[in-house]
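Just below is one structure, and these are the notes that go with it.
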Amino acid sequence: MDKVAAVVAAAGRGSRMGTETRKQYLSLAGLPVVGHVLRAMEASSAVKSVVTVVAPGEENYFRLTVVERLGIRKVAAIVPGGEERQDSVYNGLLALAPDTGIVVVHDGARPLLSPGDINAVVQAAAAYGAATLAVPVKDTVKMAGRDGFVLRTLSREHLWLVQTPQAFRYDIIMNAHRQARQKKYAATDDAGLVELLGRPVKIVAGSYENIKITTPEDLTVAEAVIKARQGRLAEAGG
């Protein structure tokens, strides 16, 4: 398989957490949130190197408090982010080695991914060019107008909630970001930029546990998930 590298986007402000500390540095089961992400990348058999994108000026802080503290060996570069997430990911892409074949993009505030998740999207990207982890919608979804009244109910049959990691052939994701910068358009995720090129993106079924830390309640849920996982491991070992 082509050389696989990851870009971890960890430059977000996290204003909805209501804390001065950026959410990716908050403690989760004894580790920074983003530390769980890097440990999963470290355990992935597919990923060979990681570029982490952090808030400008926090590069050394990140290296000391996360990378060196946790003994992470795959981090090849720590680069400053841009004004928006899309800009930050682009900065990370620019820092990748030129012989990169497949790129994994992941949110630094999504700590519950597994090495298996990473490997699965990498395999799909190698086969199809682009892939994203996602889960089927469970709840009823309604479209509402600006007045707050329901316009219609959407069928759940073909609806998926998109997550990260997402993975792409290097040339595809670089072209998608360059086209976006040139034409000044934006998407809420990297797969969306690839879709705008008219390229197919393969869905890889993920886990409902793979939540993004956005509010204080999410931290509580994530703690519970980690404890449940530890309990299952203890039972399997005992």
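Note: Cβ is positioned from N, Cα and C throughout, glycine not excepted.
Feature annotations, courtesy of Swiss-Prot:
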- R16: site 'Transition state stabilizer' (SITE)
- K23: site 'Transition state stabilizer' (SITE)
- R156: site 'Positions MEP for the nucleophilic attack' (SITE)
- K212: site 'Positions MEP for the nucleophilic attack' (SITE)
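In this structure, K23 (site 'Transition state stabilizer') is part of a helix by DSSP. Fewest other C-beta atoms within 10 Å: among the recorded sites K23, K212, that description fits K212. Counting only same-chain residues at least 6 apart in sequence, those with a Cβ under 8 Å from the Cβ of R156 (site 'Positions MEP for the nucleophilic attack') are P136, V137, K138, D139, T140, V141.
Residue pair K212 (site 'Positions MEP for the nucleophilic attack') / K23 (site 'Transition state stabilizer') shows a Cα separation of 10 Å.
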